[in-house]
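What TrEMBL lists as domain 'Yip1' is A:95-267. Summarising the annotation, TrEMBL assigns transmembrane segment to A:114-135, A:155-177, A:198-216, A:222-243, A:250-274.
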Amino acid sequence: AMATPDDLRFQEFEAAADLLSADPNASTVSALSVSSTQAHGDVKLDLSEDEGGQEENSELLRGDKKTGAFWTFEYYQSFFNVDTMQVLDRIRGSVMPLPGKSFIKSHIRGNPDLYGPFWICATLVFSMAISGNLSTFLSQMGQPQYHYRPQFHRVTIAAVAVFAYAWLVPLGVWGFLTWRQSTERQISGYSFLETVCVYGYSLFVYVPTSILWIFPWDWLRWLLIIIALLISGSLLILTFWPVVRDDTKLTAFATVATIIVLHALLAIGCKLYFFQTVTPTITLNPTPATSPNHTAAASDIAKEH
Amino acid sequence: MAEADESNKPLFAGLADVSISEDIPVEGQITVPVGPPAQDDEYSTLDEPVKDTILRDLKAVGKKFVHVMYPKKSSALLRDWDLWGPLLLCVTLALMLQGGAADKKDDGGPQFAEVFVIIWFGSVVITLNSKLLGGTISFFQSLCVLGYCILPLTVAMIICRLVLLGGTGTVSFIVRLIMVVASFSWSTFASTAFLADSQPPNRKALVVYPIFLFYFVIGWMVLTFSPSPTAGP
């Protein structure tokens, strides 16, 4: 008798049968990719109903994207499997977060890329350093003792801050969510790459913000920070809330609050460090987490001038 | 059987088929003809005078410079890549960016090492990016093109320093700004002309943007070079 694909499937991977019974419309291709992801230990059961009509195939189809082992070039090529229109679409989605839609589900859809996060971070580094330099120049142009300085060391500092944030914070968030998932048996979280992807695209809105920070008015800068935080913060909240809300109320709120606070600290720290409105004779402590009396004293001295 | 004769032929054809049983004495001479070298491209450069070697390499570099200044879709730059030109340009640019407002306090322009790292590390990252996006160009060819296309910016740097000798007022700034913008556009356009063909068509912009950013940053370094306050009229 001929062995049908059904026999083979049920023989080897019983979890695939469960998944198929959960979603009978899944094609055999996705079932095979489920089996391949199972071999890699990567299968995710997405039984959530909050997406209201969204397909669950996206989770199943994720498996066939990764090819090769991590020391082959193809493995890394799979993270750059995006077209121009896709990247632009993701950027558009990051500045217009729609309520009810998680960025990962609606835009990334199982194809996280590293192109966006990396080049957005690189752009942000240079836009902050250059805009900061320009704003210092513009605010002190008229003074006779001021001599223009390129302040190139700021690029290094900006690079360290931005890239560290873009990799370490998603690592922490992902690690925490995965740990909670495993202890609490919740709906699937996101993979590490998807978390990095969300964070990377959420930093995009800081690029035009940093360019607009060239204008020397402090109230404008704070207003811009608030707008940017609203946009990218809501993007992050909308993405992570569905994963976290089934946890205890305290953990859920604490997680979301931590995400927002870290994001705000990055923005405020960069603003304070790169866009100081003090004369060059006063040296500020250049760490982003300046204590409140330092900044208060510095801004007082700035106001006196 | 008597296949020893055949094995003496210069092309050694059929040598693989030779199986000489042990009781047949094999005699003869196997000589490799040593004479004028075969007509392939490589010839022995070991015996030529050093001047010839250097001049040949300089000519190759110079030819590529000309290709950058008049970018046409020629494949000469891609086929015979070399990294002498980029090294020369990088060192020249980094040296000329010194002696500015860079004093002991680290508020000045980029240090030599910073320029070097930005140019080389930036080129490597852009090359990796284009290969990861599915480009068909080889690693060193891409490095070669990106390095050679710094030439317009180096020329702009030389002109900027000359302009700065004449003063640092607004006029000099406007002149320098125009020079830098023009040369940065030229660099981006030239390198895109060489590199864009090797990309899949729906990802061209994804590859061009990092190149734009790269030359923009170098242009920024050239533009913001300001002479140290003690040197002046």
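Using the three backbone atoms N, Cα and C, a Cβ is placed for every residue, glycine included.
The highest tally of CB pairs under 8 A with the transmembrane segment (A:155-177), across A:114-135, A:198-216, A:222-243, A:250-274, is held by A:114-135. Here the transmembrane segment (A:222-243) has Cβ contacts under 8 Å with residues 48, 50, 94-95, 97-104, 173, 177, 181, 186-190, 198-199, 201-206, 209, 212-213, 252, 255-256, 259-260, 263-264, 267-268, 271 of the same chain, all six or more residues outside its ends.
Remote same-chain partners of the transmembrane segment (A:114-135), defined as residues 6 or more beyond its termini with a Cβ less than 8 Å from a stretch Cβ, comprise 79-80, 82, 87, 90-91, 150-152, 154-155, 158-159, 162-163, 166, 193, 196-197, 199-201, 203-204, 206-207, 210-211, 213-216, 270, 273-275.
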